[in-house]
Amino acid sequence: MLISTSLKFLTMLTSNGFGGTNPPKGMPYPPTYLYTEEPQNECCCCWLCRLLCCCSPVDQTASRSRMNASQPPPGGGGRLPDEVFRKITAVDQGQSTLTQSGIQGLSARTLSSEPRGDLVFQLVEIIKKPGQSLGLYLREGNGKDRSDGVFVSRFGDNSELAKYGEVMRPGDEILTINNVEVSMMSIDDVVLILSIPRRLLLRIRYSKSMRHEIISSRSRESERPVVVFHKYDDRRDSETNAPILSQPTSTANTWLGKKSRQQMEEMRNATTSSTLRTHASTSSPRNHFAPRLVNGHSHSIGVPSASTTSHDHQYQRFASEPSDSVSRTARVPPPRLASATVRRTESFNSAPGVSTSAPMYTLPRSSTAVPPPDILGSIPYSARDPLMRSSADLPYDPMTGRLSSSVPTDPLLSRSLCSPILPRTLRQANDSNKSNSLPRRRIMTGGRNVKWRNDVVSTSDLCGEESDGAISAPEYSSPPFSRLTQQQQFRLSNGSPGRTVNDIFSAAEYRNWAGPYDPRGMYGPFPPGQRATRWSHTYGEQRAPRTSSLPGRTVLAQSLVGSPVLPRHPPPIVQDRPSAVFDRYHVSPLMNRRAPLRAAGPGINVDRLSVSSLTGILYVHIVEGRGLKIPEKQKGLTEEMYCVLEVDEQHRARTGVSTIEQKFKWRETFHIDVVNATVSNFFVYSWHPQFRHKLCHKGSLKLLEAFVVDQLNDDRVFALNLEPRGQLIVRIGFHDLQAVFRRTVNPRLNGVFGISLSRLVQRERRDTPIVLTRLIQEIEKRGVDYSGLYVLCGSVEKKKMLRAELESNPLGTELAAESIPDTNVIACLIKDFLRELPEPLISPQIHGMLLEAASVALPNDVQTNRHLVLKIIDCLQLSAKNCLLLVLDHLSTVLCSSPHNGLTPTRLSLIFAPLLFFCLDTFSPYTISPTSKMAAVRTLDINQASSSLQMILSIWPSRVNSESGSDSPATTCQKGGVIAYVSESQC
């Protein structure tokens with residue numbers, strides 16, 4: 001009884017498309033999802049997740065036919081043949097010892113095995129709960145010599161089937177399922193067949209040699225030894241000549257100093273006799289666990305022997321120098337960030353232009369800069385200790401009474417402790433993919449005061465790059481000409497978890513390490529009163545030095561509204577970006593200051609700006625959600641969520657559904673036309689086809705504050721904090737009216753969008769463009785009472801796919817609801833067509849005439865006003881006039897359903913007035929007569945254009961039916977009637 005009820009419920013789901021093909025009113029269709037997880041066409045066998053679209057979204061280059069989310073996949077879902085369904089049900093209702101024994105959960109066994117040479121044919125029985133996932137991934141072909149057939153790709157995480165040993169393994173081919181041949185079926189059909197029955201009989205085939213090869217290869221991967229590779233990393237001379245530290249850190253009083261003293265003691269004992277050295281080299285536990293060293297050609301590097309007495313003597317002298325105290329020999333430069341392919345290391349061997357043929361070592365992090373005894377003879381004595389060079393080479397530091405080195409040329413002092421151990425001049429200089437959240441230098445005026453931030457989202461996180469320094473590292477501004485750049489930064493911990501600055505450096509040592517430096521011994525390239533800003537490195541530029549003090553809020557606000565501000569420093573050589581005024585005062589959107597900030601924005605007086613809202617096109621790309629959680633009451637019902645975007649409390653866009661297996665990666669883009677927008681809200685809802693959707697998370701973003709740093713024309717990535725928990729990664733961009741309505745011509749002459757109307761209708765031999773006519777007719781065919789029409793935005797990805805097909809085949813493109821279920825995609829294409837015309841449908845000259853007509857129109861004489869407006873419209877070019885009549889008739893039809901779609905004349909005019917009137921016609925503006933009291937035509941004034949369009953719509957006649965033969969306006973709006981263009985006179 002339970003099995004038959006489940007089968008009926010499943011049949012109802014698959015036949016109805018999860019509750020019907022139409023979404024609830026006011027909600028666009030969710031995006032389409034393919035049933036493939038990887039490029040190898042893997043497929044998960046979780047039927048519930050598959051039916052509720054839990055797999056990866058459709059690629060932008062997929063065919064248009066896959067945009068229909070309400071239909072089952074081709075060949076699957078509700079289109080399984082009845083014969084196949086009967087075979088599945090017959091085997092499912094058969095008797096089995098596993099079902100009779102009452103085993104709960106998933107169970108599997110091998111019923112028969114028939115070896116045929118290298119191939120083995122097995123009959124496998126699997127008993128599972130209805131709808132239970134097998135945790136199995138399928139693919140088409142084996143990835144080697146076959147491209148057809150259904151093969152097991154891999155097991156999922158915590159797969160129950162993987163615990164049954166030799167029943168089924170990756171690489172096996174599935175021949176039949178419940179006596180149904182599946183070799184020539186699609187992966188979607190196979191997944192559906194596996195999800196329906198409770199009892200499965202699978203006939204599989206595998207190769208013994210291939211299965212053994214797969215098992216052995218996986219075992220070898222799990223037992224990989226630790227190997228340290230040499231990596232060549234070429235660096236510029238400017239980097240190698242720049243000092244790491246003019247005052248090296250003294251670690252005598254820390255755990256690092258203790259370890260260095262232990263190392264020194266061991267080395268002194270090792271020099272007493274060769275027997276002790278040999279014994280120490282063979283019995284030291286460090287040697288047993290030390291990583292094997294290989295060079296760039298994968299050849300092992302042997303440990304050289306130290307047998308010469310000269311080397312022993314030199315090493316003994318080096319280790320026993322009276323001036324070589326522990327506080328000096330334990331000086332270790334702070335760690336640096338290596339490339340992304342190797343571990344983070346401390347560099348000890350980067351002498352510029354110096355190469356040595358002596359073998360190189362890798363030392364543990366706790367070791368000192370004392371070199372081994374066998375290579376001391378091959379280098380000068382001054383190069384062994386950079387602190388004991390001649391005064392001719394090193395400047396004298398009057399503050400410390402010692403010689404300071406600004407350019408370390410010692411080939412031993414840049415030796416890597418883990419991975420890259422070649423000189424820096426031989427390594428690659430490609431460090432563009434490193435973390436941007438490691439400690440950087442800043443002048444420390446007070447005592448120890450490290451501010452740890454956890455609200456900075458690194459760009460590398462969005463790119464999928466891992467950086468262990470991005471977890472807990474303070475922010476310091478770095479000089480642009482030093483080795484401590486944005487790409488090469490230091491790590492405060494030694495790699496062990498839980499260590500902080502207090503465990504590594506004392507207070508004096510940390511101030512010495514993080515303090516200012518100078519190539520001449522005291523200061524760096526910036527004097528004590530100057531520094532480089534970390535915000536200036538956002539665009540990879542190097543700006544002029546500027547002060548560290550933030551100017552008054554009034555001065556900054558005046559500079560934003562256009563008041564001249566005298567520069568306090570010479571202008572930079574590099575041309576400033578739009579955010580130069582903020583860079584000049586070291587203003588960052590992620591403020592790290594102790595001064596109190598206003599809640600209005602990131603240290604900026606937004607009230608003094610010249611704009612208070614945004615009007616233009618808002619580009620919103622919803623990337624993914626992090627830390628999202630479905631409420632406890634909803635966990636048993638659904639695991640899918642979608643995001644809703646509101647602008648000024650108005651519903652404007654909605655994403656498709658996504659699951660936790662997809663890590664809630666929506667990755668959908670929307671182009672939203674906004675008028676005086678100030679706030680955008682993001683709501684995350686749980687989705688279920690039958691139950692009410694529940695609000696799970698919400699967040700808000702003030703648009704003006706998001707774009708004020710880039711002066712309103714740029715895009716940024718935000719990690720928006722949601723309530724009660726989680727983050728939403730969004731990229732938001734904005735283009736103002738000047739950038740949107742440039743009215744440029746499409747260079748593709750055979751295209752449809754962005755082509756002159758006269759050229760387009762002449763080529764198509766039609767009165768109106770084919771694309772515009774078909775799109776309007778399709779919307780009217782579906783009904784103009786759709787809530788959210790022309791307000792909700794369709795997905796940009798779907799819109800691009802449909803637009804590409806219309807460009808290539810305007811007449812043959814399928815626009816029915818079965819192919820394009822989202823009406824918002826079609827509505828957005830209509831607006832794009834009008835927006836991208838090289839010239840507006842209503843030119844500025846005609847607009848000026850309409851303004852004069854509005855000034856002399858009589859309030860109660862509709863017929864006279866209509867006659868006047870139609871005479872003005874007749875002055876347009878024939879192609880523009882016919883297209884305008886088509887659009888105005890459509891808008892009049894839309895207004896007839898205003899109680900249902902919520903579009904009032906004012907709201908509809910704000911949407912379409914910019915599309916019909918706006919342009920950048922600043923060369924020959926229309927000037928009205930001197931006697932008129934009307935103002936001049938403003939080509940980008942949305943209020944003026946909206947009032948003109950409202951006047952036209954208020955007197956526009958209703959659509960007439962050409963079959964009636966009457967020229968009188970119809971009393972009702974005819975949706976299916978043929979358009980009869982009204983033209984009462986000619987100019």
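Each Cβ is built from the backbone N, Cα and C atoms, and glycine gets one as well.
In Swiss-Prot this protein carries:
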COMPBIAS  269-286  compositional bias 'Polar residues'
COMPBIAS  427-438  compositional bias 'Polar residues'
COMPBIAS  479-497  compositional bias 'Polar residues'
DOMAIN    123-209  domain 'PDZ'
DOMAIN    598-722  domain 'C2'
DOMAIN    755-949  domain 'Rho-GAP'
REGION    266-334  region 'Disordered'
REGION    348-369  region 'Disordered'
REGION    424-446  region 'Disordered'
REGION    463-497  region 'Disordered'
SITE      V791  site 'Arginine finger'
Over the domain 'C2' (598-722), what is the model's average pLDDT?
82
Packing count at V791 (site 'Arginine finger') (other Cβ atoms within 10 Å of its Cβ):
20
With DSSP helix as H/G/I and strand as E/B, how many residues of the domain 'C2' (598-722) fall in helix, strand and coil?
12 helix, 61 strand, 52 coil
When the domain 'PDZ' (123-209) is classified with DSSP, how many of its residues are helical, how many are strand and how many are coil?
18 helix, 32 strand, 37 coil
What does DSSP call V791 (site 'Arginine finger') in the simple three-state scheme?
coil
